[in-house]
């Protein structure tokens, strides 16, 4: 009788390397190790060799970068999704895609169980397992970090050495870091004190604003229906565009974010983020919307943006709610086409200009010069009707005082 198979979300780090051996022994199962590339800069070479040497029966490496940009990042950008008005949701956007890829590989390989390396007090366990429930409820889910006997990194290293598991036992960074093309999440260590400034060694890619160039960078960003398509007049694929903005933005100290956020599991957590491209694109996109969206649509969309950010953060990407909100958002983006010019200087993003064939700004109506075409006399009747309700309320209040 063939053994059961477990599909494991594998990073090659200490936790998931130990996990291969631990799961294999505990469940007497074959392990299918799965790694997804979302644009992280950390070493991805030799992962297959390492996974097999650790005990995996097979390994799958999936380049998900293009799908991540087109299916996850662009919808979130068009939605204006910033969790609690700050976090551009880099990690939160990536988890459902990795979970979906894990499910796909599991089904292809006739696996009966799914496993991940998320901790028991974080958001990612929710994001993975809610996605599993949405896409493959028939598969059992294993979360070793919630149940295994290891209580420290040192205990895991000892287990790895005992079983000849090839892992690095060098001194660990005091920070917990997660990275993809849309941003980097940094936590733990001294960052757990919200009053302590983030040390420079916590930042992975951005230059300190104080040490950034004294000469600003000016960039033209072109959008078509809410999606960025060109930089400085050069048409670019989404992945390349984000890579370039990350490079330029990081050099100028743009994209450093420090927030205390409300986690899914009910606790507050201090997080440091680096997201140069996301910061620049969200800023430019929002300014183009100010120019092209009708007032009531622009104001109502702010509510939708928060709802969209919440569902991403909470792990309900594969949900009817997201599909419904996508319908509204797509309708709003039909006119969000144009060019936005921004300046990057010592950590800041400043608007220099914007233009669009769908611009609702009418200079003849807005001007205070002789070219003014606004009907000033119409204002008197408008104000009378606009304030009629308050006038009536005031009169009734006075009569009953």
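Yeah, the Cβs are placed from backbone N, Cα and C, and that goes for glycine too.
Site annotation for ATP in Swiss-Prot covers 9, 10, 11, 12, 13, 14, 15, 16, 17, and the matching candidate from 94, 117, 120 is 117. The candidate list 134, 185 contains one residue that Swiss-Prot assigns to the L-citrulline site with 87, 123, 127, 176, 261, 273, namely 185. Max Cα-Cα distance over the annotated L-citrulline binders (87, 123, 127, 176, 185, 261, 273) is 19 Å.
If you measure from the Cα atom of residue 261 (L-citrulline binding site) to that of residue 124 (L-aspartate binding site), you get 15 Å. For the recorded ATP site, residues 9, 10, 11, 12, 13, 14, 15, 16, 17, 117 set the reference point as the centre of their Cβ atoms, and the other residues of that chain within 8 Å of it by Cβ are 19. Taking the C-alpha atom of residue 17 (ATP binding site) as reference, the shortest distance to any of the binding-site residues 87, 123, 124, 185 belongs to 124. Within 8 Å of the centroid of the Cβ atoms of 119, 123, 124, where the record puts L-aspartate, the same chain has further Cβ atoms from 118, 121, 122, 125, 126, 127.
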